[in-house]
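Working notes, beginning with the structure itself.
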């Protein structure tokens, strides 16, 4: 990792100002346009309006002088991504992956982690180069133009919104299980399920979204503290699982290592890939990081490495404690692994249910945070209404955006059976990952000498592998998922045509240079 460049320039420093007068210059080594000349990315005409770009230097300067407060350090940024990635999947995913891969599920986790690493490295380079709040939306805006950036942002809105709602529904289920285990009572279906699933209102799902909103409204620093505590709790739950499971470890459970062949290991990796989604969460905190160009790349890579190591340890302990064939045909949750291998009655289900409740709470908080920051960036660019980018003076939080997003997600979680719609978020996520990999290739060619605090190794091979891996996983998703994704994209293009293209800040012409008599 290279030494980071100097501090970000503020928007008021004169380095880059929309509407200000200057003669051009450099921001972090990237050439800016003198006023009175239209920047290359600001093309005119029907096609030009769709392909116009934000300049990298302009995005950097905007991030340096934005209204959000810089309060997050490397540890908080890393745990932000860990909190978004390490959800309840690891508590239940082995029941699906082990029958596919056998004992080689440990290698499936490694393979899935390496696949995610290709895209994570691209995120790391661009987060250090364009440390704003827009994540892949901003990276795409600077490389592939406004229409593709809108599509990317629209994908992220789907990914973050539906993901939070789905996780909130899962949170309610885990709370009900914990209540059943501890006091023998659960919420009635009328209050714990949406109308399409035999209920009236999913109160727990809506409640956790509202609770996350209250925390987020306090500020980024306070949200990071709460997330740190929750990540510590779920890490402790998984460490306890590993420690207990290793007491029943049998090396013979790993012979043969590939009972279903290497194809089984690959199939397991495909199903496990989605357990790694969330490592990009830190890239939405670029304008609230103390040292974004230094810390964002580190946080993204560190979080993925930590999560991969933990997943492999859990898989190793689980298969070592219980023969892989016993995972087949059962839910095979981590608590069931311990009950079947070491006993303990209801102790382990209770402890791991607590871990699952905390894990889902952390995911709701961090993913909701990311969605609000994505909309903040899109609003600042004029593609969505301006109220999403209004920041409260005292807390430094986009208050209106936080309330609106939280209210929408709470209603979604409380009233709508998500079903296959949640699968559509997978395509949106993978599409955004592919665009980020392409953005690295484009910026390497367009601005090869621009300072980068982190560079993807072995480029262009690594980003191309990232694109290929995303395409491969997308290809394996079902037809219904593609139909749902296509419908969402059609709605998004209509919104862009009716609002975004008309209100884009790139519609504002650059002012003519001042003249002197």
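Using the three backbone atoms N, Cα and C, a Cβ is placed for every residue, glycine included.
Annotations in TrEMBL come from automatic prediction, not curation.
Taken from TrEMBL, the feature region 'Disordered' covers 1-48. Marked as transmembrane segment by TrEMBL: 77-98, 104-126, 147-171, 199-217, 229-251, 257-279, 300-324, 347-370, 400-418, 424-444, 456-475, 481-499.
Same-chain residues lying 6 or more positions outside the transmembrane segment (347-370) and placing a CB less than 8 Å from one of its CB atoms are 80-81, 83-84, 86-88, 91, 135, 160, 163-164, 167-168, 170-171, 174-175, 177-178, 181-182, 208-209, 211-213, 215-216, 220, 223, 226-227, 230-231, 233-234, 236-238, 240-241, 244, 278, 280-281, 284-285, 333-336, 338-339, 405-406, 409. When Cβ distances are compared across the two stretches, the transmembrane segment (257-279) makes no contact with the transmembrane segment (400-418), since fewer than 3 pairs at least 6 residues apart fall below 8 angstroms. Here the transmembrane segment (424-444) lies next to the transmembrane segment (147-171) in space: the count of CB pairs under 8 Å, restricted to residues six or more apart, reaches at least 3.
Packing against the transmembrane segment (77-98) from elsewhere in the chain are residues 105, 108, 167, 170, 174, 224, 227-228, 230-231, 234-235, 238, 268, 271-272, 274-282, 285, 289, 295-296, 298-300, 302-304, 306-307, 310-311, 314-315, 318-319, 324, 327-328, 330-335, 337, 352, 355-356, 359-360, 362-363, 365-367, 369-370: each is 6 or more residues past its ends and has a CB under 8 Å from a CB in it. Within the same chain, the transmembrane segment (481-499) stays apart from the transmembrane segment (400-418): fewer than three Cβ pairs sit under 8 Å, each pair at least 6 residues apart. The largest share of C-beta pairs under 8 angstroms with the transmembrane segment (456-475) comes from 104-126, of the ranges 104-126, 147-171, 199-217, 400-418.
Of the candidate ranges 104-126, 147-171, 199-217, 300-324, 199-217 contributes the most Cβ pairs within a distance under 8 Å of the transmembrane segment (400-418).
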